[in-house]
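Here's the structure, in structure tokens; my notes come after.
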Amino acid sequence: MKISVAVSGASGYAGGEVLRLLANHPQVQIGAITAHSNAGSRLGELQPHLYSLADRLLEENSVANLAGHDVVFLALPHGASGEIAAQLPAETLVIDAGADHRLVYAGAWQEFYHSEHAGTWPYGLPELPIAHGRRQREELRTTKRIAVPGCYPTSALLALAPGFAAGALLADDVVIVSASGTSGAGKAAKTNLLGSEVIGSMAPYGVGGVHRHTPEIEQGLSSVAGEQVTVSFTPTLAPMSRGILTTATAKVAPQLLKETSAAQLRQIWVDAYEDEEFIHVLPEGQWPATQSVLGSNHVGIQVALDERTGRVIVCSVIDNLTKGTAGAAVQSMNIALGLEENLGLKQLGVAP
């Protein structure tokens, strides 16, 4: 018997990407597809690329329509998913692609999101190292509630986590700059996302430690490092529809810097990800490009040592809608249900 799945928020980019992946999942039967303001519309009017689901009608975004499924994906703005999730049955696997359940500390949530904290769920980044040589996927095997990471934190955490897990990096001097495609800002019409504003131009935003993903990045790195990690994070809007390129740098521990070559430092990342199907530390001299991961759940990483400054430089690329959102959601679902982790996620990147 197939697994019945409902998707809430199906008219947006994240919800549409969840449906795209589920449409190719061999163990899934797509049930209710819901939306808020677009309820009653044909899915094909809003997600024209989803041909096999085009004639499905979007139902009202209500608990009544979502309950009764084995799995519910919530692809909703922050604040909305927490309210619905609290009313869903405990036996339903609920996967929140929004921000509501990512942060551990209520104070951090209130500071950056300016609303009441909905609580914390297990973090849906399976490859993230946790205590005693384990991975976050162990936390996902026995849960019915999963918080999908933000797209920027996904690229940043996967870039730096191996170094912090190995005790190779200092916690007080971490700088992360990420360039993202416009789909990361959602579907709502905004002047700064118009083609005439974006094409041929790049611009930073959320500068000065105010971007909402900053505490999530610090939370993830701190949990890996076992101490408080402070991050300077700057996001940049790039003239592309999807993809994230992150350049993350951190000071290497002085004693390690004296005793370790650049090749040995890089090997920390190679060893950390050698058994991970979706994460690829590229051959030396090959730098990751967003094009290579578009539409896929894969991650490209390269590591270098700046010997002059004593900093490690890690570049990572993801598709913000796939590994950065929907791919992580489906991957986490597979783990929680005891399925093969790569089901519905075997697509390779699209190039050129």
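Just so you know, the numbers here start at 1 and follow the chain as drawn.
Quick reminder: no glycine exception, Cβ is built from N, Cα and C everywhere.
Just so you know, the Cβ of CYS151 (active site) picks up 29 other Cβ atoms within 10 Å once every protein chain is counted. According to its DSSP assignment, CYS151 (active site) is helical. The active site annotation in Swiss-Prot covers CYS151.
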